[in-house]
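Encoded as structure tokens, the structure appears first; notes follow it.
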Amino acid sequence: MIKSFKHKGLKLLFEKGVTSGVPAQDVDRINDRLQAIDTATEIGELNRQIYKLHPLKGDREGYWSITVRANWRITFQFINGDAYILNYEDYH
């Protein structure tokens with residue numbers, strides 16, 4: 001279950017369906033990924049080829065990343081079946 005957001009646009013999309021805070025061409029993909037994250041009870045459930053799930057390293061250790069489009073990712077921490085600090089970013 002999603003517990004917290006860093007990115008205000010993701011939060012508005014997830015909680016209220018407001019699309020103005022994310023790129024219009026990515027709304028469907030972002031919604032798909034948010035729903036998958038929200039229903040996942042373990043990180044392995046997000047290990048779909050299309051998501052390219054992977055753990056981050058270095059100063060981002062403890063965070064996971066899934067692909068939305070090109071370099072854009074949803075990053076988050078996954079602790080005891082819950083997702084925290086969801087962000088939409090290009091960290092490359």
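Quick reminder: no glycine exception, Cβ is built from N, Cα and C everywhere.
Taken from Swiss-Prot, the feature active site covers H92, and the record attributes it to experimental evidence. Annotated site 'Interaction with HigA' per Swiss-Prot: F14, N31, in sequence order, evidence recorded as experimental evidence.
If you take the Cα of the residue listed as 'active site' and the Cα of F14 (site 'Interaction with HigA'), they are about 25 angstrom apart, rounded to a whole number. When the Cα atoms are compared, N31 (site 'Interaction with HigA') and F14 (site 'Interaction with HigA') turn out to be 7 Å apart. In this structure, of the recorded positions F14, N31, H92, the smallest number of CB atoms within 10 A of the CB marks H92. For the recorded site, N31 (site 'Interaction with HigA'), the DSSP three-state label reads helix.
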